[in-house]
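Enquirer: Sharing the feature lines straight out of TrEMBL:
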ACT_SITE  Thr46  active site
ACT_SITE  Thr125  active site
COMPBIAS  1-11  compositional bias 'Low complexity'
DOMAIN    37-227  domain 'L-asparaginase N-terminal'
DOMAIN    248-359  domain 'Asparaginase/glutaminase C-terminal'
REGION    1-29  region 'Disordered'
Amino acid sequence: MAAMCGSASGATAGGGPATASAGNASEGSAPARGLPHIIVLATGGTIAGTADTRSATGYNAGEVSAAQLLESVPGLAGLARISAEQIASIGSQDMNDQVWMKLARRIQRIAEHHEADGVVITHGTDTMEETAFFLDEVLRTGLPVVLTGAMRPSTAISADGPRNLYEAVEVAASPATRGRGVLIVMNDTIESARGATKTNTSSVQTFMSPNTGPVGYADPAGVRYVAPPPAPWHGKPYALPAGDSLPRVDIIYSHSNMGVSQIEHAVADGAKGIVLAGVGDGNTSKQALDAMERAVRLGLVVVRSTRAYSGFVARNVEVDDDKLGFVASLDLNPQKARVLAQLLISNGITAPAQVQQAFEPGR
Ligand SMILES: NC(=O)C[C@H](N)C(=O)O
């Protein structure tokens, strides 16, 4: 297990109970001895949302506690011994560095102290891919870590949360999940933290990995992986920032008739890096490229990603990255490229060649 800086913390937020044993809540019987122990870290999101089912779609995210959520899932007690901790109670549109640090430190502690066989994080879907990717970059543990959520609130007709939670626990409890990094389990599908992105605003089939496809599938009958586990990681994970907040990196969205004002504003306003959500192969207008080059000369990390749904942003093809000092995001979409740039800057890695190397998948 690689070390991670910062002290461990079991802090709770959001007013829920610090821990709630739910291992026997769903079935009314004591959990069987010998079952894997799974810790559920709840952060809020639609999976914990409530709504008047007669209303159309409106709901309040994060109102249902972790213990209540677990009680709504039949059969969980047959899968694992489960304890739950409320880390936060927020919609994931409000996800922030502080909750990320709490999650990372708590999971690191669970891994180092062998507190559990796996961790499930309940999370809103809007920024789930960013949290998953962040944790994947800072944890570097073989411990199964699985994020799940829901597209329908817990009180909706055919709420998807209970099944997603069941399958997330099933995946986290599976010995085949060890060493696979942080995963997202939604709608019977297992996606990698690097590959997955939210693709639909409302459908329960929203998470997909456009460049790689899912790494596996889960349903109540079992867990099946269709991709081999990633190669073991030999380097160090990125250290967490001392002050619990990551350096500012802005995402700038390119479009036709692209100007320079957003880029110049980001630089003047103190951003330490810029990620271009570029057109096509991570491109933008000549004047915007010039503004990005000026940003590089002022010491910012500048990454070219793409607003296109899939594909790799290739280095030195449409844009001369070597000459301009840019980094190509390769397979990372803008929101994940931003997270990686933040971690690199906070770890003192800012030279374009080193940053580029860190963007390589499976480096
Ligand atoms: N389906 C969801 O979870 C959406 C919600 N806004 C969230 O991300 O918290």
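Using the three backbone atoms N, Cα and C, a Cβ is placed for every residue, glycine included.
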Enquirer: Using DSSP, what is the helix/strand/coil residue split across the domain 'Asparaginase/glutaminase C-terminal' (248-359)?
Expert: 45 helix, 23 strand, 44 coil
Enquirer: Taking each of the active-site residues Thr46, Thr125 in turn and counting other Cβ atoms within 10 Å of its Cβ, which one has the fewest?
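Expert: Among the active-site residues Thr46, Thr125, the lowest count of other Cβ atoms within 10 Å belongs to Thr125.
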Enquirer: C-alpha of Thr46 (active site) to C-alpha of Thr125 (active site): distance in Å?
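Expert: One finds 8 Å between the Cα atoms of these residues.
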Enquirer: Sort Thr125 (active site) into helix, strand or coil using the DSSP assignment.
Expert: coil
Enquirer: Per DSSP, Thr46 (active site) is which: helix, strand or coil?
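Expert: For Thr46 (active site) - judged by DSSP and reduced to three states - the answer is helix.
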